[in-house]
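Asks: I'd like to ask some things about the structure below.
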Amino acid sequence: MHTPFTNLTFCIRTFGCQMNKHDSERIAGMLEGMGALQVDAIEDADVVAFMTCCVREAADTRLYGQVASLKNVPLRAGTPLSKRIVAVGGCIGQRDGEKLVDELKHLDVVFGTHNLGSLPRLLEAALEEGSHQVEVLDAASSFPTELPTAREHEWAAWLPITIGCNNFCSYCIVPYVRGREKSRPLEDIVAEAERYVAAGVKEITLLGQNVNSYGRDLYGSPRFAQVLDALDQTGIERLRFATSHPKDLNDEVVGRFATLRSLMPALHLPVQSGSDAVLAAMNRRYTRDHYRALVAKLRDAVPDIALSTDIIVGFPGETAKDFEDTYRLVDEVGYHQVFTFIYSKREGTPAASMDDDTPREVIQQRFDRLVDLVQQRAFEANQRDLGSTVDVLVEGASKRDERLLAGKSPKNQTVHAPAPAGVRAEDLAGSTVRVRVDEAKTWYLAGEIVDGPDAADGR
Ligand code: 5AD
Ligand code: SF4
């Protein structure tokens, strides 16, 4: 079939969260399905699509800069086009719409978070008519119908189970650009998972802004534990999910960590702050003690569970004492990983109008102290695995050294080990090896293979 995209090349630049990365896989799937070829470098691409993020100001500024600088990139040799086609979608597309084409005159297509599936049509119109195409919808009427995916790895898949967010944390722009929470019917989720398992996928990561409230809109009450049960039944080797809101993580789900074969012993549970006053101002709707009780329950279920979190430093009005509460909580929990962010004011959110008079240097000092603690605790957490043997799902060759394989432990730690003699590390992607841990650093473990690789079936 010949389409306007046959023989065109495209590349996608993705900012932000896993949902965006997944949306990029869907775009790639659609464009490949229409005969276009994906390339890595912008120089080689006839069509460039940006999947954007506006959660913090830095990503916002970078996007405008990157799109502007595209003007200076020459067209590839042999392109059938007289001009490179540039599209911006995702959260900034949703928020800024027409404003983007007003500021960036060479931009051809703007789309939002609710109409990914319209991108081929918008690109086609831009190609044929040579005019700007801007389409941003207010909301998705239901969970979007399935679009094809071109996955980054054959052996891993992201699977969205909800889109949007109803929580309105006071600092966060996401509910405004991703809309209200919509759950995907359980049968659709299971059918997609079964297709992945049949195709040899080893690991599925369920996605949603708050997976714990899955099903509230469809079934009247959350049914996330039932999603986990159904996915476990598909025979998937490894199951993970992101993200969880502490106010909605219930005992049923906590219990599943102990009972479900496939559910990996790692959980990302963003706390944002350890101060009750700040948590209230953030509209998080839980307290420090509630969070600590959750951690205790999780460790009762799986003593060795690896916890990770997100923390915002410098929320408006954060006092020295508030920060100490956060510092102590991080110290106490002993996370494997903490994503630390300096508060970024987002117009249109309630926090944007709160008094914010803490000096920048003070916030930076708090941030630096916290990062030191995070690294120390991460190092200690990994040290506890010295001498143990872990199952590693191989991702490919290590970026440090191509003779080393790199993969993930059940607790989601990066693990390196020399590939067996005569085997290229990159050829082991998707298989599982057992590694004895001889070295434990802050951000990775290293050791020797003691068993495997298993047959990388389905490949
Ligand atoms: N400023 C700083 N960090 C933010 N996050 C969300 N909004 C903001 C903001 N305005 C962080 C939160 C969230 C993560 C994805 O991004 O910690 O969990
Ligand atoms: Fe943003 Fe809060 Fe929703 Fe997460 S739960 S996306 S932080 S509003």
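Note: Cβ is positioned from N, Cα and C throughout, glycine not excepted.
What TrEMBL lists as [4Fe-4S] cluster 1 binding site is C17, C53, C91. Taken from TrEMBL, the feature [4Fe-4S] cluster 2 binding site covers C165, C169, C172. Among the features that TrEMBL reports, domain 'MTTase N-terminal' is placed at 8-128. Sequence annotations record features per position, and here TrEMBL assigns domain 'Radical SAM core' to 151-380. Marked as domain 'TRAM' by TrEMBL: 383-451.
Show me how these features fit into the structure around them.
Replies: Here C53 ([4Fe-4S] cluster 1 binding site) comes close to F15, G16, C17, N20, A59, D60, L63, G90, C91, I92: these same-chain residues lie at least six apart in sequence, with C-beta atoms under 8 angstroms from its C-beta. Under the DSSP three-state reduction, C53 ([4Fe-4S] cluster 1 binding site) is assigned to coil, being neither helix nor strand.
Here the Cβ of C169 ([4Fe-4S] cluster 2 binding site) has 21 other Cβ atoms within 10 Å, regardless of which shown protein chain they belong to. According to DSSP, C169 ([4Fe-4S] cluster 2 binding site) is assigned to coil rather than to any helix or strand.
Summed and averaged per residue, pLDDT over the domain 'MTTase N-terminal' (8-128) gives 95.
Across the domain 'TRAM' (383-451), DSSP classifies residues as 5 helix, 35 strand, 29 coil.
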Asks: Give the helix, strand or coil assignment DSSP yields for C91 ([4Fe-4S] cluster 1 binding site).
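Replies: DSSP assigns C91 ([4Fe-4S] cluster 1 binding site) to helix.
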Asks: With an 8 Å cut-off on Cβ distance to the C165, C169, C172 Cβ center, who else from the chain surrounds the [4Fe-4S] cluster 2 site?
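Replies: Result: N167, F168, Y171, I173, V174, P175, Q209.
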Asks: What same-chain residues, at least 6 away in sequence, bring their CB to under 8 Å of the CB of C172 ([4Fe-4S] cluster 2 binding site)?
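Replies: Result: V55, C165, R346, T349.
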Asks: For the recorded [4Fe-4S] cluster 1 site formed by C17, C53, C91, name the remaining residues of the chain with Cβ within 8 Å of the site's Cβ center, in chain order.
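Replies: Checked against the 8 Å cutoff, the neighbours are F15, G16, M19, N20, M51, T52, C54, V55, A59, G90, V174, V177.
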Asks: If you count other CB atoms within 10 A of each CB, which of C17, C165 wins among these binding-site residues?
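Replies: Buried the deepest by this measure is C165.
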